[in-house]
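**Q** From TrEMBL, here are the annotated features:
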DISULFID  Cys2-Cys28  disulfide bond
DISULFID  Cys12-Cys27  disulfide bond
DISULFID  Cys53-Cys79  disulfide bond
DISULFID  Cys63-Cys78  disulfide bond
DOMAIN    1-42  domain 'P-type'
DOMAIN    51-95  domain 'P-type'
DOMAIN    99-144  domain 'P-type'
Amino acid sequence: MCHADASERIQCGRDKITEDECISLNCCYSELAGAPSCFYGVGSDFNNQYGTCVIEHELRSRCGEKDITEEECGDLGCCWDLSEDKNYPSCFYHGALVPTCSVDIFQRNSCGYSGISESECVDKYGCCYDQNSLTEDTRCYFQDIIPSGELSEPDCSDKKYRVKNLKKSSSGITATLDFGSQKCEKYDADITSLDFAATFETDTRLHLKVTPTDLEKYPHNADIPKEAFPFVPEVTGASDPEYVFDLEEDGDFNIVVKRKNGKIIFNSLEFVFEQQYLQVTTSVPINANIYGVGEVVSEFKRNANATKQALFALDSGCPKDSNIYGHHPFYMEIAEDGSSYGFFLKNAHGQDFILEPGKLSFKVNGGNFDMYFFMGPTPEEVVAQYHKVIGQPTLMPYWTLGWHQCRYGYKNLEQVEYVLDQFEKKKIPVDTMWIDIDFMDGFKDFTYDEINFPPKNIAKFVDRLHEKHLYYINMVDPAIATEKGYKTYDRGVDADIFVKNADGEDFVGKVWPGLTVFPDWFNPKVEEYWTREFKEFKDIAMTDGNWIDMNEAANFCNGACSGASKATPFKKGVFNPNNPPYVIFNNRNINTPLNYKTFDMDVTHYGGHIEYDVHNLYGHMESIVTNKVLKNIDPIKRPFLLSRSTFAGTGSYAAHWLGDNISNWDQLHWSIPGMLNFQMFGIPLVGADICGFNDNATEELCARWHELGAFYPFARNHNSIIGSDQEAFRWESVTESARRALAIRYEVLPYLYTLLIRTHTDSGMIVYPQAFIWPTDSVAIDNDEQFLFGKGMMITPVLKDGARSVNGYFPAGKWYDWYDPTVSFRGPTYKKLDAPLEHIPVHIRGGSIIPTQGPKLNIYENRKSPFGLIVALDAEGKAKGELYLDDGSSIDIKGKKSEIKYAAKEGSLTASGSYNYPESQKLATIKVLGIESEPSKVVVAQGNSTTVKFTYKEGVLIVEDLAISMNEDFTLNWA
């Protein structure tokens, strides 16, 4: 049935599909010149030569006798799919392929010519027409074919739950939702009775929740386990809410959320609640300004007309517009007037996020509707309100803001030492050395390779780092090798803390060391187990932080390596984790089965949880447990943990990097939206692998990436074992690029640390998109090629190969060139900026005060340097800023902190604050930018008033050789 001539073949799947992907679609695969390699099978039923084996069970037509074998079925040219339900045939005829205009907007092939009319497209050419296609050329496009046996998705927008038992109070609304005798059954049996609750939690936060009335009958539609979401948001009540939400007894249930001025922000067009399929669709403006929903490699502003993205944690590299490591069902919409709202669906199940003209949908494999609305109204306020629900980012140590050097492929300790020596020799800043899995004995966790990374030598190397006030981090994967005699495995077996197959045996997958088992983070005994393994490992050589990778969880087999778990046909109303009725766009949008490169969905976790319900929580739970472990081992110092897989709230326990990116110019650009997204998601300490992880970086790409990476919140060079060397010292141009860009980073470290602290205390962000500060600026709203470092510095990286200049957009305000602050201009405006290979354009925003120190070659030396202030006056002669000081390492600082506010106006700079951290360094230099005329004198007052020397040139006042205490207020006046 898979033999077909070139002229007979009808393509199945996407272009350049792999054989495995093709077979997963139940299609045929063989390479033939001039024809699709992946194609539908050939059959003889329904008087149609072509057919498919992708047919719903209830629509199958039996081929042959009831007890036919697979071989006999193949001889008849029919389809074979072993069915455990005798009501459905295992051998059946192919289904016919019928034409359709339902073609993915990204896959449309142009029909006719550009500018063709709808009538000519349809009537003359027999093609499809859609005014809202991506391009004018594809408004008229060829039909596609679909199997006639596939069930089309019904539209249930006219089927509404009825509101019953309505109760209202000042704090919220409760009701029962009754579906009555209606029938939707879009993918599964309808759940006909639901409990609804609206809670007016704060003036700016509305919480809506819909769950089955009978949770005992529908346990897989329960809440996210409390262990995975221990944070409890504060509920203060709403005395003057910014939102309006209401229901009527016996009325139709619709989710309509308005601002108090009556403007609708959310209006459910379709609401579906089935055991294994949930859907909510809301109307959005055409070309809406939507941001968020991840983790994804994409533009920062989502394509409002054509986005389809799965949310399902997957070890998948960094393909564009596809699900990868994390799960963050949170988005923000910015309206034309700049007002913003946010929406969070607190649901850990696999799901699709879909944007099409005028509509936004979440389509979910299970769980319930636990929805939060955040009213802003500014984008920054929306983000802060969201963090109040998921937990504010954790308190990170100061040293994490330095430069980090790593790679997968350091063959021995000598290579690591050589790299460190070269950084010192070339005078390139570095604070932390990392070692990937190369250090392990056979890739087993908590071991060292006795030959290439001898434990005694590792200990000496770490001592050397610590003597220099530098830091050491290595990798721990969750997968534990199943090797008897390997103590970490043996102790795990004894404690019985590994996840289980459906039959109760330890689930066995395959990762770097070979066959592996996986800790069950829900098991209450796992913390003690994990603490012991970390403690004994750290006793060999003390790591200053840890890196947890492959925790989606990654698996080199599709489910159990034994293949023990089998998918059975889905029947409506019967829960089926291994074969759900709705197939999300998993793995590059090709609808791969959910156990692809991970666990089977019927794997069990402690407490009765199954993988289908908690898959997206695995890495998040590992972060929670590992964070506790690090605090158990050292309750004094702030732990540093870097995790690949994340969930809403992971930022309360760990930082994140953007995964296994590729050394190319597109990925350089897309790293900017990536780090901006994670500011929204509450994991602000984030960055991409600088120069790229996969493939080989060119000299120019690596130079430009070091320039951009110097302004990532988390700045680390890292690449793969098969990639060429890409440390900054490998090329002279890259060395110079790194030195120059990192000199800026290290100089503004006090500013950067203050930003980091404010993410923890105030739900702030470290880097900002222009859209969030100028939400009514039509250029800023789309711009993801520039970003702000804090709110006071604009970064304009070069993102094109061969470019020696870059066009930057500068919104309203006054802007100063970092390198020559006598050059200033006002926005909104475009600027063509010179950008030689070793140079990245940086500008200071008028109205900002930037605290500085150094720059030196590591953070320890930087903090031993005098302070400075850069005061950039706006057009009205004003500026403000702040500085936070503490020891940079303690969890409990015991009140020893200083918080200083700086303000400049009318020829005066003042510093005022609280001073409980004894800072020994002095404020030595103050630069004031934007003074229109040279002052006649400058006076500093701190206790006594002193007239001081200064220099002035073209609007820039510089006062040097000061010795102002950082432990009390002062003023500086110029006139």
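Cβ from N, Cα, C; glycine included.
Since we're looking at a predicted model, the values are computed, not measured.
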**Q** Quick one: of the disulfide-bonded residues Cys28, Cys53, Cys79, which has its CA closest to the CA of Cys63 (disulfide bond)?
**A** Cys79
**Q** These are the disulfide-bonded residues: Cys63, Cys79. Which one scores highest on other Cβ atoms within 10 Å?
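**A** The largest 10 Å Cβ neighbour count belongs to Cys79.
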**Q** Within 10 Å of the Cβ of Cys78 (disulfide bond), how many other Cβ atoms can be counted across all chains shown?
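**A** Its Cβ has 26 other Cβ atoms within 10 Å.
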**Q** Validating a neighbour-count step here. Other CB atoms within 10 A of the CB of Cys28 (disulfide bond): how many?
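**A** Summing over all protein chains shown, Cys28 (disulfide bond) has 22 other Cβ atoms within 10 Å.
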**Q** Can you check how the pLDDT averages out over the domain 'P-type' (1-42)?
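**A** Summarising the domain 'P-type' (1-42) by its mean pLDDT gives 66.
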**Q** For the C-alpha pair, I'd like the distance in angstrom between Cys28 (disulfide bond) and Cys78 (disulfide bond), rounded off.
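**A** Roughly 13 Å, rounded to the nearest whole number.
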**Q** Let me know how many other Cβ atoms fall within 10 Å of the Cβ of Cys53 (disulfide bond).
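**A** Excluding its own Cβ, the number within 10 Å is 24.
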**Q** Give me the Cα-Cα distance between Cys78 (disulfide bond) and Cys53 (disulfide bond), rounded to a whole Å.
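**A** Pair distance, Cα basis, whole Å: 8 Å.
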